[in-house]
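K.L.:
Pasting a structure here, questions to come.
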Amino acid sequence: CPRRSRPAGSMSVVEHVREMAAAGLHSNVRLLSGLLLTMSGNNPELFSPSQKYQLLVYHADSLFHDKEYRNAVSKYTMALQQKKALSKTSKVRPSTGNAASTPQSQCLPSEIEVKYKMAECYTMLKQDKDAIAILDGIPSRQRTPKINMMLANLYKKAGQERSSVTSYKEVLRQCPLALDAILGLLSLSVKGAEVASMTMNVIQSIPNLDWLSVWIKAYAFVHTGDNTRAINTICSLEKKSLLRDNVDLLGSLADLYFRAGDNKNSILKFEQAQMLDPYLIKGMDVYGYLLAREGRLEDVENLGCRLFNISDQHAEPWVVSGCHSFYSKRYSRALYLGAKAIQLNSNSVQALLLKGAALRNMGRVQEAIIHFREAIRLAPCRLDCYEGLIECYLASNSIREAMVMANNVYKTLGANAQTLTLLATVCLEDPVTQEKAKTLLDKALTQRPDYIKAVVKKAELLSREQKYEDGIALLRNALANQSDCVLHRILGDFLVAVNEYQEAMDQYSIALSLDPNDQKSLEGMQKMEKEESPTDATQEEDVDDMEGSGEEGDLEGSDSEAAQWADQEQWFGMQ
């Protein structure tokens, strides 16, 4: 209600509470309203029904502000019961004409707002069904845009796609520039043209909004998995002077390059976005994962520390820290950190992938499969979700399931270098389908000669066939325009096979300079050094034995670490 300039002495105590609530003095409201509610309980005649309703709402609001959501729900429920009783009494008898109650009755907190706050509490308590139930009880005509938006998101999460689409469309009808609602519709397979038609009147009536139809087109490509056209369309937007250096567009570009398997450009775009906004959190989990894969663990650790300083209430810093642990082979800690991230955001795909990978590497394949399946449900166009699941199937020798999944991905996401390589990876596991794997890899490399995963798998095939010269030519060609630890290491292995020891040593050195933690490069180099000095063979064997015992010690340490984190894992995240 509008603020009135009345002397403090002529205001009722409930009006004082309302003034403090409006001023944001939540701790003061909590103390005073709590005392007044106790007085009301001891003397029911002390406050009118409308005053009791107001006190309960303001008290619940202060509890909500203190993040005591269950207590707030309890007080909101009591407030709604009081409102219901108030409505009945107002119908039965006319107003008593009490001067104090008349202005208050005009300023009663909205019942719809109370229900929205209750739904917010339920979502914070992860009771989505209760949140949907309370919002569903609000008649459609009385639903505000924020209620429809919350309902749309809740329906989507619950898999009620038709209801979600209806709610998102209602948001756009009321607010045609609600871009997140547009993304929601596109993610539910609503055609880009249909979504654009809902914003056309606004685009045409407001100057400098001509980019919006292109923006919708770009994200329509994103949600259909057409990464190439999505990248081209967003690049065309990003080059326009008015939208140049937009952090959201750069973040989307980085994510798309990542999905397309172009890790180099993905990292560049993430770095560009981070320079523009040093407090950026969104997408930093993917950035951290990419850095960790490249062996840049010091950079990952620094990124994690920086993100924790920004906010520890988002999943991203926990995922980044988990990636550092995972690539340091501390899988039980990575598991805990991934679970903590899921607790903070159950829709974090990167957190699910981290936890799934940690479970798989700890031999808990069936639990890992559950996490990869959930990641696929949340991000059906992300190939890395399917890769994780297929790796689990292969780890448990379920080649048939892996083949079915790889074929489905190939049909769903189309024949590109990534899907061809994924299918070839499964074919390589079965002696019967080796030739098919070769054909698929050749197709993938024709499309993208620099695609690292395809090069690695083709090299693996050539190694089996002992075609080392062909493998060396393939790897040299792939390394002409890029530098990658794994490719340098495999080239080193091939050079050893053809007795080119000095160059092999150079390749292992380059690999280790790119990733100092690459164990296989280190092993390759040590093996060559051993062969070069046979007189020290006995001494080297002793060293190997010592290293072996050290590794066993590490494994024992990781077992005790697993026990240390076991309790947290049961408590945090998905089971």
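Quick reminder: no glycine exception, Cβ is built from N, Cα and C everywhere.
TrEMBL lists these features:
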COMPBIAS  523-533  compositional bias 'Basic and acidic residues'
COMPBIAS  538-559  compositional bias 'Acidic residues'
REGION    523-575  region 'Disordered'
REPEAT    349-382  repeat 'TPR'
REPEAT    485-518  repeat 'TPR'
K.L.:
Who are the chain neighbours of the repeat 'TPR' (349-382) in space, where the CB to CB distance is under 8 Å and they lie at least 6 residues beyond its ends?
P.N.:
222-225, 259, 285-286, 289, 315-316, 318-319, 322-323, 326, 331-332, 334-335, 337-339, 341-342, 388-389, 391-393, 395-396, 412-413, 562, 573-574
K.L.:
Over the repeat 'TPR' (485-518), what is the model's mean pLDDT?
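P.N.:
On average, pLDDT over the repeat 'TPR' (485-518) sits at 87.
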K.L.:
Within the repeat 'TPR' (485-518), count helix residues (DSSP H, G, I), strand residues (E, B) and coil residues, in that order.
P.N.:
27 helix, 0 strand, 7 coil
K.L.:
For the repeat 'TPR' (349-382), DSSP counts of helix, strand and coil?
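P.N.:
DSSP composition of the repeat 'TPR' (349-382): 27 helix, 0 strand, 7 coil.
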K.L.:
Could you give me three numbers for the compositional bias 'Basic and acidic residues' (523-533), the DSSP helix, strand and coil residue counts?
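P.N.:
Final tally across the stretch: 10 helix, 0 strand, 1 coil.
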